[in-house]
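Look at TrEMBL and you will find 1-32 tagged as region 'Disordered'. The annotation transmembrane segment is assigned in TrEMBL to 53-73, 85-104, 119-143, 155-173, 193-219. If you look up TrEMBL, you'll see 68-212 marked as domain 'EXPERA'.
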Amino acid sequence: MGNLISQLAPDAVPGDGVEVVEEQGPPPGPQHPYYPEGVAIPGYEPNELPVHVLSAAMAGMLGFALLGSSAAARWANPHLSKTDLAVFCWFVLSSSQSLFAQLWKEYALSDSRYLTSDYFMLSVESITVLFWGPLCFLCALTTALPGGRPLRHPLRILACMAHLYGVALYYATSLCELYFTGRSHSRPEPIYFWGYYVGFNLPWVIVPAVILGSSLAAVTRAFRALDGVNNTLDGFWKSNGKPTVESKESRKTK
C-alpha cells in the first residue's frame, strides 16, 4: 500500500489531504543464540556471568557437597572401601537436583529443548526429580550404611538401568528428529555438539554401565554360591536322611 501511494502521489506529504501509509516489515524474530533459529523462548534473558565463573562456582559447590558427604560416609562406616566410596559419591551426585539456572542456559546451546518447554524434556526431568533422584539417594545410603548393604545391588541395578534408558531416549529423540526432519536443537559449532551434548552426557553412560556390570556380577556370584550351598545340603540330606518333624520333637524332649 505504501508503494502504491508513493506511485500515485510521489510528492505527497502529511497535511496535503493525502494519507501516507508507511510500509511495515515483518516483526523482528527472537533475539537469542539458540537453535533452531527462530525458536520461541518466552522470557529469555542472557546470562549475566561468564561461563568460566559459572563453571567454577558449580564445581566448588559440588566439590563441597561431595567432600562433606564422603566424610559423613566414612564416619558412618569406617570400613567403607575406596570403590564403594566412589560409588557413594556418584549416587550422591546423581541424586542432586540443584543446578544453576544460568548453567542450564549455557548447556541449552547444545539442546534448546531445555528452554522451550519441550514435552519430552518436561516428562523425563519430572520423572528424574520424583523417582530417580530419591532412588539414587537410597543407593548412596545402602552403599554407606552397613545395615542397608543387602539392598545395595538391586537398587543400583534399578538406578543404573534408569540412567541408561533415560540417556538412550534423550539421544534417540533428538537425533531422530535431526535425521528425519533436519531440525537441530544444537548450535552448529563443534564445541556445543561434541563438547556439551556428547561430552557432558557421556559419564551418565559410562559410570552407570560400569556399576551395572559390577552389581550384576556380584548378584551372579551370590546366587552361584547359594546354589552351591543348596547342592551341598541336598547331597548331605540324601546321604544322612533329612530330619523329620518327629525327630526334631524327640530331640527337644531329650
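Including glycine, each Cβ sits where the backbone N, Cα and C put it.
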Same-chain residues at least 6 beyond the ends of the transmembrane segment (193-219) with a Cβ under 8 Å from one of its Cβ atoms are 87, 90, 107, 109-111, 152-154, 156-157, 159-161, 163-164, 166-167, 170-171, 174, 186-187
Beyond a gap of at least 6 residues from its ends, the CB atoms lying under 8 Å from the transmembrane segment (119-143) belong to 69, 73, 80, 84, 87-88, 91-92, 94-97, 113, 149, 151-152, 155-156, 158-159, 162-163, 166, 169-170, 173
Residue counts for the domain 'EXPERA' (68-212) under DSSP, helix then strand then coil, are 115 helix, 0 strand, 30 coil
Long-range CB partners for the transmembrane segment (155-173) (under 8 A, at least six residues beyond its ends), listed in sequence order, are 87, 91, 94, 120, 124, 127-128, 131-132, 135-136, 138-139, 142-143, 201, 204-205, 208-209, 211-212, 215-216, 219
Taken over the domain 'EXPERA' (68-212), the predicted model's pLDDT averages 85
